[in-house]
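Structure record follows, encoded as structure tokens.
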Amino acid sequence: MLTKKKWALFSLLTLCGGTIYKLPSLKDAFYIPMQEYFHLTNGQIGNAMSVNSFVTTVGFFLSIYFADKLPRRYTMSFSLIATGLLGVYLTTMPGYWGILFVWALFGVTCDMMNWPVLLKSVSRLGNSEQQGRLFGFFETGRGIVDTVVAFSALAVFTWFGSGLLGFKAGIWFYSLIVIAVGIIIFFVLNDKEEAPSVEVKKEDGASKNTSMTSVLKDKTIWLIAFNVFFVYAVYCGLTFFIPFLKNIYLLPVALVGAYGIINQYCLKMIGGPIGGMISDKILKSPSKYLCYTFIISTAALVLLIMLPHESMPVYLGMACTLGFGAIVFTQRAVFFAPIGEAKIAENKTGAAMALGSFIGYAPAMFCFSLYGYILDLNPGIIGYKIVFGIMACFAFSGAVVSVMLVKRISQRKKEMLAAEA
């Protein structure tokens, strides 16, 4: 699939993608310690995520201008090191407003400066027929890195007493890891050593100057962006499976952190290759795969609402939530792959990734706060059923958009073949 040199670069990009989000995603392994030692409610944790996402959304729009221009070596290494330094500040246990400030800056360092450039770098490693597998293995690699690093941080937390000192030690561990990766990126990554492999239409110099305008006018890219939007709106709800199992199923606190890691990271290792292989090898279309899985997600969420959770065994509840999460992670693995499937011009790929991220990750601006406040205002199982219902509506909307995208890509390919004839 890839040469040894490209596999080495792929591994480096995976290491970057698997470490930079450990601090912004601190809640995944340390949700309960965050509530206890940062003194935060469900809604306030949701607010921190929403502030982060607001800055991220604005940042993604701004990154449309530079994602194809600035050297990756500098933007990626700086973003990693800056993220680590913000983590060091978190160990001072800032107040609520300090938490909001740090999570806002995470939106700049992790998302605006790093993510679109990282996605473009991954996409350029393979041709248009390899995009599903490429992004699938990328998510798998991130899942492996995520899991190893997160469980290591949890071990550090336990080693230092599972209290305030352990929480600080866990944050220090995350911070030092991401700074180290930033230094490696700076000395190893070479912007000139990689040539784009995606078989796409080339454009002349005049077109390059208007790539942003042409991206904004491309209906296919907008449909891809909204596909990502609805996947991510459902994905945001996975975070609240953690308090769901603790409050409804009375999951022991010792297992809450481990479940959070499995829910957010281990599922990437399962979902990544499954989503990539099915979309490329069986359906031969990432957009069709997203369509089918949106339909399955809608049905699964309706079933989740109807189940008698209060009388079910805890391990059955864990199996149900993890099973649904696996479906969502197969979608996350390939939701940018339609950009390669649609053969978007190479000089527009970075801008297309930025626009897709700008629209696609927008749910995090409001979903975390929305879900958190619903749970705070509706204690018990009823709050979770409301959240699951909203997630089902997002999944159904995603199915509708996916049908439109499949038709659009098919039409686009026919037009390109006609133009070449």
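Cβ from N, Cα, C; glycine included.
These numbers come from a predicted model, not from an experiment.
Here Swiss-Prot flags 1-44, 92-95, 376-385 as topological domain 'Periplasmic'. Taken from Swiss-Prot, the feature transmembrane segment applies to 45-65, 74-91, 96-118, 147-167, 169-189, 221-241, 242-262, 289-309, 310-330, 355-375, 386-406. The topological domain 'Cytoplasmic' annotation in Swiss-Prot covers 66-73, 119-146, 190-220, 263-288, 331-354, 407-421.
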Result, the transmembrane segment (147-167) in contact with the transmembrane segment (242-262) (3+ CB pairs under 8 Å): yes
Contact call for the transmembrane segment (289-309) against the transmembrane segment (45-65), three or more Cβ pairs under 8 Å: no
Two-stretch contact, the transmembrane segment (221-241) and the transmembrane segment (355-375), at least three Cβ pairs under 8 Å: yes
Recorded stretch that, among 45-65, 74-91, 96-118, 355-375, 386-406, has the most CB pairs under 8 Å to the transmembrane segment (169-189): 74-91
For the topological domain 'Periplasmic' (1-44), residues assigned helix / strand / coil by DSSP: 30 helix, 0 strand, 14 coil
Stretch with greatest number of CB pairs under 8 Å, the transmembrane segment (386-406) reference, 45-65, 74-91, 96-118, 147-167, 355-375 candidates: 355-375
Helix, strand and coil totals (DSSP H, G, I; E, B; other) for the topological domain 'Cytoplasmic' (263-288): 23 helix, 0 strand, 3 coil
Sequence-remote partners of the topological domain 'Periplasmic' (1-44) [C-beta within less than 8 Å, at least six residues beyond its ends]: 52, 76, 79-80, 83-84, 86-87, 90, 93, 96, 99, 103, 106, 109-110, 114, 118, 121-122, 125-126, 130, 133-134, 137-138, 141-146, 149-150, 153-154, 157, 164, 166-167, 170-171, 174-175, 177-178, 181, 184-185, 188-189, 193-194, 197, 239-240, 242-243, 246, 253, 256-257, 260-261, 263-265, 369, 372-373, 375-376
Residue numbers, six or more beyond the limits of the topological domain 'Cytoplasmic' (407-421), whose CB comes under 8 Å of its CB atoms: 201, 219-220, 223, 285, 287, 338, 341-343
